[in-house]
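Below: one structure, written as structure tokens.
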Amino acid sequence: HPMKPHRIRMTHNLLLNYGLYRKMEIYRPHKATAEEMTKFHSDDYIRFLRSIRPDNMSEYNKQMQRFNVGEDCPVFDGLYEFCQLSAGGSVAGAVKLNKQAADIAVNWAGGLHHAKKSEASGFCYVNDIVLAILELLKYHQRVLYIDIDIHHGDGVEEAFYTTDRVMTASFHKYGEYFPGTGDLRDIGAGKGKYYAVNFPLRDGIDDDSYELIFMPILSKVIETYQPSAIVLQCGADSLSGDRLGCFNLTLKGHAKCVEFVKKYNVPLLILGGGGYTIRNVAR
């Protein structure tokens, strides 16, 4: 399976070896409880994730189909705990920002943007981003979500499609590409109309072109929407050389996007996401 949780350990080792840990506080995430996860997900879906194991899969055939678990989203030992830690880290980051105990919080094991209310999708089981945004909304009137993964941030967009309290902006490859959503014309609905922004892109985009799109659009979005908190999903599969992605961004180009968002001095939650060529992802 192309998703390798080991990439998070490599990231952590780089932080240690470069001495970057001295510039931050590092916390062990708590395991999100079923109660926390059902703030977005359905009870029966979370109950299913808690119960399923490689050795009892045969008893759950029907439910596996219903919840889209099995192919892209396989069952593995420790699946539920992985979901708990990923979600727990993102929610804890949001709590830190809410308490004004940090200006920037980071969860590299988060950013699992495809998960739906009752369905796994694209290697994502529990949508830590939606859970973190719901936490931020307790203290913030408007939250901006930005997604620079090569895949459309469909799970987050869908969760907040009809509200103006969360604006979603996704830059992604479009056309015959997973998950197939994120058309330019998808702009939100009801109260959320004009509060979803999609920027579909073609293969091979490089740093300069990306910057020419990302910066003008986001400066307009931030000035107009005036969010009091921002969540940035930094999927590394938009980097050049990714085994599933097909953009030509370098680490510098990716980093520039983060730097650009950071300079607005708005409380910022930074999350991981996709990324399937491990040494790139960790860097």
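Any Cβ shown, glycine's included, is placed from N, Cα and C.
Summarising the annotation, TrEMBL assigns active site, proton acceptor to His114. With a 10 A radius on its CB, His114 (active site, proton acceptor) counts 28 other CB atoms from all the protein chains.
Here TrEMBL flags Asp72, Gly122, Tyr276 as substrate binding site. Secondary structure from DSSP puts Gly122 (substrate binding site) in coil. All protein chains included, Gly122 (substrate binding site) registers 20 other Cβ atoms within 10 Å of its own Cβ.
Residue density at His151 (divalent metal cation binding site): 28 other Cβ atoms are found within 10 A of its Cβ, drawing on all protein chains shown. His151 (divalent metal cation binding site) falls within neither a helix nor a strand when secondary structure is assigned with DSSP, and so counts as coil. The divalent metal cation binding site feature in TrEMBL is assigned to Asp149, His151, Asp237.
Annotation comment: TrEMBL describes 1-283 as domain 'Histone deacetylase'.
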Exercise for the section: Rounded to the nearest Å, what's the C-alpha distance separating Gly122 (substrate binding site) and His114 (active site, proton acceptor)? Just drop the number here, would you? Expected result: 6
Problem - Candidates Asp72, Asp149, His151, Asp237, Tyr276 (binding-site residues) with Cα within 10 Å of His114 (active site, proton acceptor) - result: His151
Problem - Protein Cβ atoms within 10 Å of Asp72 (substrate binding site), excluding its own - result: 16
Exercise for the section: Just name the most isolated of the binding-site residues Asp149, Asp237, going by other Cβ atoms within 10 Å of its Cβ. Expected result: Asp237
Practice task
Specify all same-chain residues, apart from the site residues Asp72, Gly122, Tyr276, whose Cβ lies within 8 angstroms of the center of the Cβ atoms of the substrate site, ordered by sequence.
Solution key: Pro2, Met3, His114, Phe123, Phe178, Leu244, Gly274
